[in-house]
Amino acid sequence: MAAATPEIQFYERELNIRRVIEECDLQRLDQALNICDLSSVERKLRLWQKLLPRIKPFYAVKCNDDPMVVRLLAQLGAGFDCASKNEVKLVLGFDVSPERIIFANPCRPVSHLEYAKEHQVSNGTVDNEFEVYKLHTHYPNSNLIVRFKSEAKEAQCPLGDKFGCDADVDAAALMLLAKSLELKVTGTSFHVGSGCSELQAYDRAIKKAKNLFKFGALLGYDMDFLDIGGGFPGSDDVKFEKIAESVNTSVQRHFPDERVHIIAEPGRFFVAAACTLVCKIHAKREIRNEAGKLDTVMYYLNDGVYGSFNCILYDHQVVIAEHYLDNAESLPHLKSLIWGPSCDALDKISEDLHLPNLNRGDLLGFRNMGAYTMPIASAFNGFEVPKTLYFQAI
């Protein structure tokens, strides 16, 4: 039996987190609360379409595979970047056509390729000769998109050590190999790194892609597909506007031909700001100095790095705690340290911050928790993952 679709609560104008907290009665809930604003996702899509009208977004499912998010983006016409059979299956379940999916994993198990073939998901990336031979054997009529390496000088999560071939030598060799095997090379792909903060990174990569298109033409390929990857910020619209301006300029310079289909793989851009995590303090410990004066307060929350805060370890995120006290200005602010609930000393959320002297049962909120959080969360030590509530503007 299929799982029931979660309830969506509707709001007018702006989502009031404090009101949500009051109505949920979190004192009775052991789990942390993940508040997901689906309208934030839709607003980001509209912003993308406004600032990057030629580039179709293919949402990176790995970033947040919540079915409610995927369903919304499917309904709004977005494409999808999938890395596995299960991600492809999830997306197809929302009546997304195969043309709206790119299998953007250059190293796929054979069973995943066979699933893609069965469901006519033909666009996929390659960055090594073994994958080319694998496709020749298991999916010879697929569309090969050569992924090359072109990293940003500043990125939250660089990817070049694992994926992407050398753009100057290896990419051409893969195209020659594909030609000899009578496979179709339809385009190129790159990823400057997740959380890119260097404006020039995209222009460098797009220029390399243009050179490969020229080489492909010499081989007789009519390449018409460019994937500029991800890396777009999720919580800084000003920075995104600057990146969009740089990308538009580069695309117009190197790919003025409108027949070339250009896509991107934004993940955190769509979902980072959509989620606010609210945690409850279930324990507290005070540390005093040699003179007996209160020096540091340690708080223990009902979520940690084995849950939503895995983003600290795996995504290099810096999370910012905010309290919901009305009289905080009148309270002393003390050096504070925040721990997760598990028995592991690695389960540290934040340190060297100053908070008012909070008590057991008080709440702390963390914004921008929609990217690379819940998909990786586990119930380590028996602590439940957060409960998610969904909201949407009327």
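Glycine too: its Cβ is placed from the backbone N, Cα and C atoms.
These come from Swiss-Prot:
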| type | residues | note |
| --- | --- | --- |
| MOD_RES | LYS62 | N6-(pyridoxal phosphate)lysine |
| BINDING | SER194, GLY231, GLU265, PRO266, GLY267, ARG268, TYR372 | pyridoxal 5'-phosphate binding site |
| BINDING | TYR314, ASP315, ASP344 | substrate binding site |
| ACT_SITE | CYS343 | active site, proton donor |
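Cβ packing within 10 Å was compared across the binding-site residues GLY231, PRO266, GLY267, and the lowest neighbour count falls to GLY267. If you count neighbouring Cβ atoms within 10 Å for each of the binding-site residues GLU265, ASP315, ASP344, the highest count belongs to GLU265. The most densely surrounded of the recorded positions LYS62, ARG268 is ARG268 (count of other Cβ atoms within 10 A of its Cβ). Here the CA atom of LYS62 (N6-(pyridoxal phosphate)lysine) lies 12 Å from the CA atom of ASP315 (substrate binding site).
Here the recorded positions are TYR314, CYS343, TYR372; the one with the fewest Cβ atoms within 10 Å of its Cβ is CYS343. Considering only the binding-site residues GLY231, TYR314, ASP344, TYR372, LYS62 (N6-(pyridoxal phosphate)lysine) has TYR372 as its nearest partner by CA-CA distance. Cα of TYR314 (substrate binding site) to Cα of GLU265 (pyridoxal 5'-phosphate binding site): a span of 19 Å.
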